[in-house]
Amino acid sequence: MDLFMSIFTLGAITRQPAKIENASPASTVHATATIPLQASLPFGWLVVGVALLAVFQSASKVIALHKRWQLALHKGIQLVCNLLLLFVTIYSHLLLLAAGMEAQFLYIYALIYILQIVSFCRFIMRCWLCWKCRSKNPLLYDANYFVCWHTNCFDYCIPYNSITDTIVLTSGDGTTQPKLKEDYQIGGYSEDWHSGVKDYVVIHGYFTEVYYQLESTQLSTDTGAENATFFIYSKLVKDVDHVQIHTIDGSSGVVNPAMDPIYDEPTTTTSVPL
C-alpha cells in the first residue's frame with residue numbers, strides 16, 4: 001500500500017538512500033521503510049482526471065450523435081483522453097525508471113505502449129483515408145468504408161458498412177410525408193445536398209477502391225415514398241482505366257434531383273440512357 005500511495009503522489013525525484021527503521025533482530029515484521037522519492041507534482045490528481053475523462057469517453061458512446069459538431073466534439077474528447085493517457089504513461093514510466101522500480105510494472109507498460117501504437121497507427125490510417133476521400137468524414141465516423149463521388153461544387157463522402165454488389169442512394173427534397181431531408185442518404189448516414197449525383201461512385205477503404213456505375217433509378221411515384229428518388233449503382237468488374245464516364249444531362253456530368261424527370265415513360269425501374 002505504501003508503494004502505491006507513493007507512486008500515486010509522485011513528482012520530481014530526489015534520490016535518497018533507503019532506510020529501514022525500528023527493525024530489530026527479534027522483530028522481522030514491524031518495520032518502517034522510507035521510499036527514496038519526494039513528490040512535487042500532484043501526479044495522483046492527473047491520474048484521477050484521466051480516469052474521469054476515460055469514463056466520460058465511454059459514456060459518450062451510448063449517446064446518439066447526429067450533428068457534425070457533436071461528432072467533432074466527441075472525437076476531440078477522445079483525442080485529449082489518448083494524449084493525457086500517453087503523457088501519464090511516459091511520465092510515470094520515467095519516474096519508476098529513475099526510482100529503480102521499473103521491473104515490477106514492465107509488462108503493464110509494454111501493453112499500454114502497444115495499445116498506444118495501435119491507436120496512433122489507426123489515426124494515421126484515418127488521415128490517409130481522408131486524403132483519399134477528400135473529406136474529413138473518415139475522422140468523424142468510425143465506418144470502415146466510404147461512398148465517394150466528386151463534383152465541381154462538393155466532395156461527397158458517406159459512411160458505408162461493407163462492400164456490396166449494389167448501392168442504393170436516396171435523394172429527397174423534404175416537402176411531403178414521410179418527410180425526407182434535402183440530402184443524400186445511404187443506410188443511416190446522410191450528406192447535405194450541395195450538388196447532383198454522378199453516374200459512378202467509388203467505395204474507399206484502407207486498402208480498397210471499388211467502382212460502381214449508375215444502373216437505374218426509381219422515382220418517388222414508383223416506390224410510395226413521396227418526392228424521393230433512388231439511384232441504384234452496381235459494382236463494376238472492369239479496371240478503372242476502362243471505365244467510361246457518361247453524363248446524364250449531356251454536359252455537366254451531374255444530376256439535379258430538383259429537375260423534372262427526363263424520362264418519357266417512367267416505369268417501376270427506369271433505366272438511365274447511357
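Cβ coordinates are placed from backbone N, Cα and C, and glycine is handled just like the others.
Per Swiss-Prot, these features apply:
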TOPO_DOM  1-34  topological domain 'Extracellular'
CARBOHYD  S27  O-linked glycosylation site
CARBOHYD  T28  O-linked glycosylation site
CARBOHYD  T32  O-linked glycosylation site
CARBOHYD  T34  O-linked glycosylation site
TRANSMEM  35-55  transmembrane segment
TOPO_DOM  56-78  topological domain 'Cytoplasmic'
TRANSMEM  79-99  transmembrane segment
TOPO_DOM  100-104  topological domain 'Extracellular'
TRANSMEM  105-125  transmembrane segment
TOPO_DOM  126-274  topological domain 'Cytoplasmic'
DOMAIN    145-237  domain 'CoV 3a-like viroporin CD'
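The list of residues near the topological domain 'Cytoplasmic' (56-78) in space but at least 6 beyond its ends in sequence, with Cβ under 8 angstroms from a Cβ of it, reads 139-141. Across the topological domain 'Cytoplasmic' (56-78), DSSP helix (H, G, I), strand (E, B) and coil residues number 18 helix, 0 strand, 5 coil. Distant neighbours of the transmembrane segment (105-125): 82, 85-86, 89, 93, 96, 206; these residues of the same chain sit at least 6 beyond its ends, with a Cβ under 8 Å from one of its Cβ atoms.
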